[in-house]
Amino acid sequence: MNSNTKIIFVTGGVVSSLGKGVTAASLATLLESRGLNVTMMKLDPYINVDPGTMSPLQHGEVFVTEDGAETDLDLGHYERFIRNKMTQANNFTTGKVYQSVLRRERKGDYLGATIQVIPHITDEIKRRICSGIADDVDVAIVEIGGTVGDIESQPFLEAIRQLRIELGRNRTLFVHLTLLPYIKVAGEIKTKPTQHSVKELRGIGIQADVLVCRCEKKFDDSEKRKIALFTNVDQDCIFTAEDVDTIYEVPLKYNQQGFDAKLVELLNLNAKEADLSEWQNVVNTIRDVKGEVTIAMVGKYVSLTEAYKSLNEALYNAGYKKGVKVKIKFVDSEDVNENNVESYFKDVAAILVPGGFGSRGVEGKIISIKYARENQIPFLGICLGMQLAVIEYARNILGIKDAHSSELEPTTANPVIGLITEWQAEDGTVHQRTHSSDLGGTMRLGGYKCVLKQGSRAREIYQADEVVERHRHRYEVNSNYVERLEEAGLIFSGRSEDNKLMELIEIPQHKWFIACQAHPEFTSTPRYGHKLFESYIQAAIENSNN
């Protein structure tokens, strides 16, 4: 971080899930539209080292960065809103901070000192914030996870309080997001929760510079005056975060209120006028959709749609590009069997099986894949979805009835999917893994090149000889079965650069049947979409019309 970089800290109060991530990303979008180089960071107060081993039903999606970090789903928002790509430096947790401090303590780096939250933990938080910001960055927006008042968040709040003192008011800004409940029976907006949230923040030693008030409806100047009086925040630094039809409207709403202009003023930024024409085009495209197409997503985390956040957004973005609204029908794979499979898919235009781990619900996914293959329904498989598509093909086309994955059935005699014991990273380093290795951080993670087969549908879709997609898996197609699968009509249309790992499959006789080992949803954005998803949605539209 250079001596001119400004930092905006975004905190949240009253309740969680107010949309801190979207607010932070929207502010970054606005500043980027003014010609500034903006990066973002998420600080998570949980004690896990990273979210890699956490249940998606508790934490939501694990977003994978290009350099292979398993991170919070908010980093997905960041990449969809701004152009800069996130790295492992853009997200860290309490667990990671303590891990670093304790490792140094074991090495004797603290020279026998008593290790305490202050200064050792807070110093490590400050170090990670400052070292994670590149020298060419004009503004860094740092989101503090959790809610003010949570015991877990206190070391992070203390660290940013200290950074305000060390860097000065001209280089730091505190933006606090709170809730203004609207009581319909009384027809009133209540400001008391916001007052108490700001008071709680002040008790920690932080005075909010800007307030963002989440509310169902706009509030008038009388409410603003009341909030300003009791929170010690200037009235012109209080903004509304009202409910919108799509999160991509949020930057435009903030711009209309003059939010970005106020940030430029408060931080004395050398910025040009905002050019939001590209972002306005995104919103116009969303508003202009005419038709609707229904996609069945067959998974085991469907009770929490946040578990598939990037995938949902990739489907929606592809739909916008094709002029349709994508409706996702979430199907719990545990409920699907041979007797009821048709009832789940008779009204859908396409079927998708996403990534996942573990054996629960696997047979329901395989039955769904078989139904898509046999009934010429456009199908997209991702990660585990590709592995199960290979298993289904081996069972029902090759006739290997006990074909399985050694992850799901360790004693299977025909492991068409097996553990990757060794692979080479993009930088040339060789990674190795065994069945006894730790689960956390030991997968094939991050961006890897995939070489596309000439004449394949995948090559036609991507319009490239090779692509880079992000991975998060331990298991791959067993190379011992590849030749037999190809002879039976399955095409491996994408392979790793060294030709050892199978990355893409397709069935040429099928209307649209593609599965990939990578997670292409992580690189889809509302500005640019993603070619694979757009082709998939186009196939769904054509199938729906027929």
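Every residue gets a Cβ built from N, Cα and C, even glycine.
Taken verbatim from Swiss-Prot:
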BINDING   SER16, ASP150, ILE151, GLU152, LYS190, THR191, LYS192, PRO193, THR194, GLN195, LYS226  CTP binding site
BINDING   SER16, LYS190, THR191, LYS192, PRO193, THR194, GLN195, LYS226  UTP binding site
BINDING   ASP74, GLU143  Mg(2+) binding site
DOMAIN    294-546  domain 'Glutamine amidotransferase type-1'
ACT_SITE  CYS383  active site, nucleophile
ACT_SITE  HIS519  active site
ACT_SITE  GLU521  active site
Per DSSP, three-state class assigned to LYS226 (CTP binding site): helix
Taking residues SER16, LYS190, THR191, LYS192, PRO193, THR194, GLN195, LYS226, which bind UTP in the record, the widest Cα spacing (Å, whole number): 24
Residue among the recorded positions ILE151, CYS383, GLU521 whose Cβ has the most other Cβ atoms within 10 Å: GLU521
DSSP three-state assignment (helix, strand or coil) for SER16 (CTP binding site): coil
Mean of the pLDDT scores, which run from 0 to 100, over the domain 'Glutamine amidotransferase type-1' (294-546): 91
Whole-number Å value for how far SER16 (CTP binding site) lies from ASP74 (Mg(2+) binding site) (Cα to Cα): 14
GLU143 (Mg(2+) binding site): secondary structure state under DSSP, collapsed to three categories: strand
Candidates ILE151, LYS192, THR194, LYS226, HIS519 (recorded positions) with Cα within 10 Å of the residue listed as 'active site, nucleophile': HIS519
Where THR191 (UTP binding site) sits in the secondary structure, as DSSP reduces it to three classes: coil
Alpha-carbon distance [GLU143 (Mg(2+) binding site); LYS190 (CTP binding site)] in Å: 26
Residue with minimal Cβ packing [other Cβ atoms within 10 Å] among the recorded positions LYS190, LYS192, LYS226, HIS519: LYS192
Alpha-carbon spacing, PRO193 (UTP binding site) to GLU521 (active site), which is rounded to whole Å: 38
Cα-nearest neighbour of SER16 (CTP binding site) within the listed recorded positions, THR191, HIS519, GLU521: THR191
Binding-site residues: SER16, THR191, THR194, GLN195 - member with fewest neighbouring CB atoms within 10 Å: SER16
Neighbour tally for ASP74 (Mg(2+) binding site), based on other Cβ positions within 10 Å of its Cβ: 26
Residue from GLU143, HIS519, GLU521 whose C-alpha is spatially nearest that of THR194 (CTP binding site), among the recorded positions: GLU143
